[in-house]
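Q: This is the structure I want to talk about, given as structure tokens.
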């Protein structure tokens with residue numbers, strides 16, 4: 001029985017075990033389409049940032065969404081702080097600013113100036129006690145007025161150019177240019193102020209034509225939630241997050257599967273998607289799809305900072321895990337995210353060829369400006385802090401979300417009295433500058449691979465790409481060899 005179990009064990013593969021075979025191709029890399037659809041979340045690049053406290057907070061989520069990807073804000077923080085971060089992403093590129101700072105017509109000019117200086121703005125809508133727009137006051141209106149006790153209503157511009165809520169961005173821009181104004185108040189049918197559009201915000205949005213946005217034109221953002229944390233999920237739903245990622249080391253725990261059903265019920269009537277992970281088998285995929293998962297996240301122990309495979313002896317090499325889950329997921333039209341083990345851009349191509357619809361990145365993004373990890377200098381070179389959510393630091397820091405993720409979650413207040421068994425390590429990764437530079441190289445490598453494989457888009461990549469298994473000698477041959485590298489390439493860091 002036991003010997004048979006060993007003999008019949010299947011061989012499993014990860015990224016370094018295979019290469020993609022070049023095909024006859026009419027496809028140029030520059031002409032490839034790398035967009036993907038995660039159950040209705042339309043991304044222009046197949047990159048999702050990891051829900052780790054040294055990878056994704058609002059800065060990373062904003063930057064990645066502007067590039068066309070998706071950030072998953074980690075949960076090792078209070079519910080209130082996570083909600084605040086989600087809202088910050090949503091407001092970053094809003095077309096219509098809803099939380100408008102206003103003044104009353106009976107306020108003094110001095111009071112209006114104080115408000116402008118406090119919030120560093122050069123103009124304010126003027127509304128009456130019914131929130132009806134009656135005028136606008138700007139620095140130009142007040143800069144020559146010496147008597148600061150004058151009323152706003154005596155100096156404001158009363159003939160205000162405004163628009164209705166359904167105004168299109170192009171129409172708003174034309175109105176502002178035609179009337180030489182930089183702010184366009186938005187009003188309802190009764191002239192009540194709803195919000196404001198600014199020229200600066202429209203021009204800023206146009207800098208990011210590939211941004212991943214919701215139906216209202218706001219940046220997409222996801223947030224992590226514990227498998228039993230219904231209170232957090234409720235708050236995230238109210239914050240209008242685009243996806244909730246059930247963040248768990250072993251999502252095929254049957255209590256987690258049962259809770260997925262409850263989370264799915266909470267999301268009824270919303271457009272919010274439920275991402276569930278992590279898993280590594282077809283059985284897990286079947287159970288979680290049945291429970292209501294919209295997107296599956298694959299990966300047990302492949303991450304650079306994860307020790308699950310040596311501490312627990314459990315895991316499946318990532319490429320095999322992705323392919324096995326994909327075979328089930330594709331039957332149900334459920335997309336999957338390959339989470340972990342990605343070291344080079346070629347690994348992204350291999351993950352997609354094996355059935356992934358997107359990849360989740362941790363270490364490749366942790367060294368960027370937008371990652372929240374601490375910047376440090378080691379031997380004269382810059383690094384940024386990076387740690388696994390199963391590390392002792394993540395388990396005991398913040399709100400102890402790392403411990404909860406690995407089913408070692410007492411109340412945070414009792415953490416100091418509990419012995420923990422970490423499944424991750426803490427360290428540092430080389431500083432890399434802005435995340436946009438890293439993403440440029442990663443997507444460039446993916447496009448190159450698609451050109452070699454003759455795939456115009458990711459669906460064709462999954463259909464046309466072919467694998468070949470390589471030997472250890474083949475792995476050595478795949479990397480630069482018989483040379484001392486004197487200039488480090490941006491997409492091939494030394495020391496890996």
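Positions of Cβ are set from backbone N, Cα and C atoms, glycine also.
The following feature annotations were taken from Swiss-Prot:
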ACT_SITE  306  active site, thioimidate intermediate
ACT_SITE  405  active site, proton acceptor
BINDING   301, 303, 306, 477, 478, 479  K(+) binding site
BINDING   304, 339, 340, 341, 362, 363, 386, 387, 388, 389, 390, 423  IMP binding site
DOMAIN    96-152  domain 'CBS 1'
DOMAIN    156-212  domain 'CBS 2'
Q: Per DSSP, what is the residue count of the domain 'CBS 2' (156-212) in each of helix, strand and coil?
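A: Reading the DSSP string over the domain 'CBS 2' (156-212) gives 18 helix, 15 strand, 24 coil.
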Q: Can you check what DSSP calls residue 306 (active site, thioimidate intermediate), collapsed to helix, strand or coil?
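A: Strand, per DSSP.
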Q: Around residue 306 (active site, thioimidate intermediate), which of the listed binding-site residues (362, 390, 478, 479) come within 10 Å, judging by Cα atoms?
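A: Candidates kept after distance check: 390.
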Q: With H, G and I counted as helix, E and B as strand and the rest as coil, say where DSSP puts residue 477 (K(+) binding site).
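A: It is helical.
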Q: CB neighbours of residue 301 (K(+) binding site) within 10 A?
A: 26
Q: For the domain 'CBS 1' (96-152), would you mind checking the mean pLDDT of the predicted model?
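A: So the average pLDDT across the domain 'CBS 1' (96-152) works out to 88.
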Q: Report, in whole Å, the straight Cα-to-Cα distance of residue 477 (K(+) binding site) from residue 362 (IMP binding site).
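A: One finds 27 Å between the Cα atoms of these residues.
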Q: What is the three-state DSSP composition of the domain 'CBS 1' (96-152), stated as helix, strand and coil residue counts?
A: 16 helix, 16 strand, 25 coil
Q: Relative to the Cβ position of residue 362 (IMP binding site), how many further Cβ atoms are located within 10 Å?
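A: A 10 Å sphere around the Cβ of residue 362 (IMP binding site) contains 27 other Cβ atoms.
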Q: Quick check on the recorded positions 405, 479: which one has the highest count of other Cβ atoms within 10 Å of its Cβ?
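A: Going through 405, 479 one by one, the largest Cβ count within 10 Å is at 405.
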Q: What three-state secondary structure does DSSP assign to residue 386 (IMP binding site)?
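A: It is in a strand.
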Q: Near residue 340 (IMP binding site), which of the binding-site residues 301, 478, 479 can be found within 10 Å, Cα to Cα?
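A: Near residue 340 (IMP binding site), where near means Cα within 10 Å, the binding-site residues are 301.
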Q: Through the lens of DSSP with three states only, how would you label residue 405 (active site, proton acceptor)?
A: helix
Q: Looking only at 303, 340, 388, 390, which of these binding-site residues has the biggest number of Cβ atoms within 10 Å around its Cβ?
A: 388
Q: To the nearest Å, how far is the Cα of residue 405 (active site, proton acceptor) from the Cα of residue 477 (K(+) binding site)?
A: 39
Q: Just report the maximum Cα pair distance in Å for the recorded IMP binders 304, 339, 340, 341, 362, 363, 386, 387, 388, 389, 390, 423, no decimals.
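A: Farthest-apart Cα atoms in 304, 339, 340, 341, 362, 363, 386, 387, 388, 389, 390, 423 are separated by 16 Å.
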